[in-house]
Amino acid sequence: MNSQLLLHCLLLPSTLASALNIGIILRENQDKHIAVAFQTAVRWLNTHKSGNVTIERSSVQYLKTTKEAEIMSNLCQLAESGVSFVVGPPDRQIGAVIEALCEELHIIYIKYYWDVLNQKPRSKVGFSVSVFPTQLYLDMTKELLLYWRWEKVVFVYRQDISIVRFHALIANPLLFKKIQVVIVRVEDNSNEAFLNAAKRVRNYCDEGECWRTMNRVLLELNAADARRYLNAALQLGMINLRNWYFLTMLDLPKFDIEPFRHNLVRISATTIWWRQTADVVLDADVARQLFAETKQAWIENHANVVFTPMTDIILTFDAVMLAARVHAKVAESQGASAFETWASCNLNGQRKMSRPLSKGVALREHIKHVSVKGLSGTIEFNDYNKRMTTVFRIIELGVDGKLANTGNWSSHPRSILDMHDKELENTHSKVMIDQLTRPKLRVTTIEERPYVMKRLHSSTFEGNARYEGFCVDLLTKLSENLGFDFEINVVDDGKYGEPINETSGKWDGMIGQLLNKHADMAVAPITVTARRLEVIDFTNPFLQLGISMLMRVPGPKHFDLMSFLYPLSTDVWIYLCLATVCTTLVMVIIARLSPYEWTCIPEQSTPEVEVWHNHYSYMNTLWYLICVLLRAGSGYNPRTASTRVLSGVWWAFTLILIAQYTANFAAVLTVDRKSMPFNSLDELSNQTEYAFGSIVGGSTAQFFKDSHLENFKDIWQKMESAVPSAFVPTNKDGVQRVLQDKYVFLMESASMEYEVTQNCNLTQVGDVVLGSKGYSIALPKGSPWREPLSRQILDFNEKGIIMLLKNIWWKQKKRPTDDENGDGDCIGKADAVNVYEFHSPLGFGQVAGLFLALTAGLGFAFCVAIGEYLFFAYKASKRSADLLSDNRKQIDLIHSPPQTMTPTTTITTVRPRGWSKLESEQVRRAVSFEQPVAGVLRASVRRREIKV
């Protein structure tokens, strides 16, 4: 059986005091802070004898599970102990079971959580009552949204009951007739689910263009979930001045707002309790003890949650006070003896009622006649036991990061919303009012991507909201920091500005707008030039730039029959051929010198004549080396140490070379080998294949026109005399001409970077040159805004704000309307401008070590062959010395110079009469091995036959 905690309060004997029995049912290991608030309320009532009521028995029942049988068992134990009031847990599922059984036992069930308005009671007026002002909260929310003029609302929730709660509000045709509601659900309790919900809210704002005004989000989440959602919004950059969150929870005064107080975000909420009210109703020391003890109890059960749900604590305290007041009212009218008959029920889990509380009906009827001054304000009920009095305080996080009470909403005698947010300092409303009195500057500009562009569906917007771009965002930042408003107007003629004629002093374009006082500033990609400085002022540059060349990426080369030669350079191919020839010669010489590479052919030999053969002729050796190079079998295998050494070196050489060839072959043949027809302005001027030009009347054209350098003068003359004209009116026209014709567009590097990132067919040629210019804000002469704007632009550059804005617009995703002649999406390639994938062939320097190793191997193999030759020549000479001296007269010497002898492939030996086969072989070896080198033995006893 569940443990039961009984607190018995000592009563002073008094015939005037009435004893009250009250119980509470809570969840074990979750609601200890509620138990502390309940016990504190009991002690306080017994101490102050409020309404001549003392609490004789207060029982706390803990539930280990949410099973219906256990809930009924605990409630029956409370009924058997004589309780006439039961306070329920902050759980709607458990409360439904308790409420049903209390209806049968006629025990008053006091709830303190959000009640469902459409719930149908068992009778017209049941035995349950809620101290939570559900209907009043909905009425207050409706008036607040109308006061704030919310036009678009994103409703974020996690539990399905939230839709039921706010159904009456969302379905209100008067409230939401002109308000668009978007519903977003947090799918589960994971951090990823909260992040995904915040992303959906952000996507809605991206599509609905709500960022230009305010993103308004109604968070129907408990305190823990609301914090997790705000943390997800903080990760996505949605905690700032453009976002307004209304939290439906009532615990904002105890909510940890530290991570969100520094970003100018607007967070609003309401509460039904205030610390000052608690100090008035209770003693200040009692209130302090109540808050401290409940906080400690909450931490014991919820160590990971950093805030305390004070609303549940306050309403639990008020529930005990309500029970005491109703009990006193009945005791006053019917006497204390009215509570002598207790309710009872069986304890076997059945719903069969044994005996209801005798005065339960009387308690129910007196609820609507009581008025209690509780911690949540005055508590009064209507005929249906619905709370009809309360005061909501509207709390708002100001621009200074501090919470402020910006207004109150009271329900009695009629609903009154008293807001003073427009008078308080540092509130968002007050700041907005101050902005209405700020100066409004007229800004002239020109449509130029990505600086100023019309929005998609711009016809549905008005004023500045029609435009977007880098300059628009820069203007917004400057206005926020310098305290001015602005109105954007695109210049009619679409020009930057140049003199109409030299004598009148009149200019067209944006500069003309400034001179004619039709604009207060020009914010666009306008460059500072000496000519313009004569008539207007400029701020410090907000973007540094130079001049470079924009052209279409040359098409790839196709059907190159010699592409298989790309992996190695020409030098390497030549050295490979020479290495093969030289290795062949060395191999032939070594094979001739080595005695073991000669073999006797029995089929062709006779007792008198022996035929000896060497496989390593020049052609055979060349074939052998080529087969090794191509990893094919040749049928020849070296037999001596010298030829094996040389073969091993050649194998290693070819293995490494083939591996490098294969690796480079895959890279070279799979990469488009781009080549630029020119790489500098000088080369551009000297070629005739491509036309080139710039914006007419722009700073780039002015630069070449006024330049004293011969090559730049030549560029200007060619542009000026070109037919058709080399000049274009805007950057957009220049880009289109580059894509359609063989045309090179000379333009500022900052704008070029954007165009290259947006269209994969465009590329920047060469490096940025003449990089001492910049885009600045143009102002009339003597404008008081020049110095403030210059200082603020410098500050933005130092803090990286300018670079942040540039990255946003230069690397953003292509807009649907921008898909003009673009073959792909070049997002994120701003850092890859003017970078090409050139996989160069392997040069000789990269494989020189390989050829050096081959040369060393050739030398070593040759030395081994010489050693073999000398060793075997010495050995054969010693063996045949005696034999030769005895038979020298019988030898027919062959008189031919040994220096001119040609190496033989096959040697036929004639054996003289009376010589043994061994003697004949010794003589043959001595003659054949000594003659090519020193000619020591001039044997005339043999006839040589060369067989090719």
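Cβ coordinates are placed from backbone N, Cα and C, and glycine is handled just like the others.
Please treat TrEMBL annotations as automatic predictions, because they have not gone through curation.
Within the same chain, the residues at least 6 positions away from Arg532 (L-glutamate binding site) whose Cβ sits under 8 Å from its Cβ are Gly497, Ile511, Ile526, Phe538, Ala778, listed in sequence order. According to TrEMBL, the feature L-glutamate binding site maps to Pro525, Thr527, Arg532, Ser699, Thr700, Glu748.
According to TrEMBL, the feature domain 'Ionotropic glutamate receptor C-terminal' maps to 440-812. Per-residue pLDDT, averaged along the domain 'Ionotropic glutamate receptor C-terminal' (440-812), amounts to 81 for this model.
What TrEMBL lists as domain 'Ionotropic glutamate receptor L-glutamate and glycine-binding' is 450-516.
Here TrEMBL flags 1-19 as signal peptide.
Look at TrEMBL and you will find Lys705 tagged as site 'Interaction with the cone snail toxin Con-ikot-ikot'. Around Lys705 (site 'Interaction with the cone snail toxin Con-ikot-ikot'), taking its Cβ as the centre, 14 other Cβ atoms fall within 10 Å, counting all chains.
Cα of Thr527 (L-glutamate binding site) to Cα of Lys705 (site 'Interaction with the cone snail toxin Con-ikot-ikot'): a distance of 15 Å. Its Cβ taken as reference, Thr700 (L-glutamate binding site) is surrounded by 19 other Cβ atoms within 10 Å in the chains shown.
Remark: Glu748 (L-glutamate binding site) has Pro525, Thr527, Leu545, Gly546, Ile547, Ser699, Thr700, Lys773, Tyr775 as non-local neighbours, by Cβ distance under 8 Å and separation of at least 6 in sequence. Apart from the site residues Pro525, Thr527, Arg532, Ser699, Thr700, Glu748, the chain places the Cβ of Tyr496, Ile526, Val528, Thr529, Leu545, Gly698, Lys773, Tyr775 no farther than 8 Å from the centroid of the site's Cβ atoms, the recorded L-glutamate location.
Put simply, the two farthest-apart Cα atoms among Pro525, Thr527, Arg532, Ser699, Thr700, Glu748, the recorded binders of L-glutamate, are 17 Å from each other. When DSSP labels each residue, the domain 'Ionotropic glutamate receptor L-glutamate and glycine-binding' (450-516) comes out as 27 helix, 13 strand, 27 coil, counted as helix, strand and coil in that order.
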